Amino acid sequence: MDNTGATTARPRQVSGSKSDRDTPAAPSVSTQYSSGRATGWVSHLPPSWVPYVQLARLSLPAALMLIYLPTLFGVLLAAVLDEVHHPSSPWYACLLLLVASFFFSNAAHAWDDLADAPIDILIPRTARRPIPRGAVSRPAALAFAFANALGAAATLRWGFPDPAVAFRYALPNILATVYYPFAKRHTNLPQLVLGFCLAWGVVMGAVAVGCEPFSLTPTTTTNDDENITTSPSFPTTTTLIPPTLPLGPLTIQTPFLSLFTACALWSIIYDTIYAAEDYDADCALGLGSMVVLCGGPRAPATKRMLYALLACLGGCLVACGLSAGMAWRYYAVAPVGATVSLGSMIRGVDLKDARSTWWWFRYGYWFVGGSVVGGLGVEGMVRWLGRYRE
């Protein structure tokens, strides 16, 4: 039930920066996620549904797409490497992962708001979120999170080629997601935890088409009573970077490791920009972030750090292509497009202006995600046509 109109005693809020007090918060932030008012398509829903849409961050596509896009990257990279072993087409996997991402996003955001509710009520930007304002009770939010977690688990059980493998690969991400809302209480690197959570979608995308990016032991098959040890297939073209990275008993496919790292850096960059808005409140409450670590949105070190992360991201995308033996077309679209668009974002965003950080957070991911999808998609299509003609 929506109890938005109820009046309850509220703890004293932490004041924001001078600019926050002198100017109203960015309308898109307050109305989309943290207000009893419904806008856009959400305004056509029953009023009792609105708080749950806000709880799950469904009013805008950003939250869902930032979880879904890395899984799509994983499917495309597996297709480039000819590592698609699912009997159905990759299109089925893409649809399955969209459904799984929907449930996972809903559950993760509800859990995040549950854990953060005592803090959110003290921060002006988040004080009107559904749980702090009383529109969704804590038991209802927990039930919502649990129901969506079951939905995500159902996609692993009945949609993935090998449910046991899928659950095994999903476990690290589940644990990291449960811990994430508490990370800012313990460290200045919560964005690192978030980056791991979101980038793990690359791994799950590969698993959805029957490709295992990590191998603890070689695959053993039996042929004429002889045990033959085989490894997963890798690119047959000459690569400047080895396609596999052996770490003791663990073998990692280098293209997936490189793409995973690039996605993690991407998440760290855009969430650091988004977190700049909460710098004053974080300092007052003793919470950590990479913005706090660098000295705040006005500190030159903050943007220098973002540019350094961007350079590493570009290097990882190049390493992904080199280890997979990709052609020039991939580099022209994915590494170039991603670094140019993110570089424009870092250069153009005003970390001291909440409207600016929100705008870049809301729209900037399309350019980066589109560049990576385009680069991998073009490379995969050309390779598929080559194999088809053979």
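Keep in mind that glycine also has a Cβ here, set from the backbone N, Cα and C atoms.
Quantities reported herein were computed from a predicted structural model and do not represent experimental measurements.
Record features (TrEMBL):
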- 1-38: region 'Disordered' (REGION)
- 28-37: compositional bias 'Polar residues' (COMPBIAS)
- 58-79: transmembrane segment (TRANSMEM)
- 91-111: transmembrane segment (TRANSMEM)
- 140-158: transmembrane segment (TRANSMEM)
- 165-183: transmembrane segment (TRANSMEM)
- 189-209: transmembrane segment (TRANSMEM)
- 306-331: transmembrane segment (TRANSMEM)
- 363-385: transmembrane segment (TRANSMEM)
**Study point:** Cβ contacts the transmembrane segment (189-209)/the transmembrane segment (58-79), at least three under 8 Å, sequence gap 6 or more
**Key:** yes
Revision key, fill the gap. Maximum Cβ pairs under 8 Å to the transmembrane segment (363-385) among 58-79, 91-111, 306-331 is reached by 58-79
Review point. Same chain, outside the transmembrane segment (91-111) by at least 6, Cβ under 8 Å from its Cβ: which residues?
Key: 55-58, 63-64, 67-68, 71-72, 75, 141-142, 144-146, 148-149, 151-152, 154-156, 159-160, 177-178, 180-181, 197, 201, 204-205, 208-209
Check your understanding: By a Cβ-Cβ criterion of under 8 Å, what residues six or more beyond either terminus of the transmembrane segment (58-79) are in contact with it?
Key -> 32-33, 39-42, 90, 93-94, 97-98, 100-102, 104-106, 108-109, 198-209, 211, 213, 255-256, 259, 263, 267, 270, 320, 324, 361-362, 365-366, 369, 372-373, 376-377, 380, 383-384
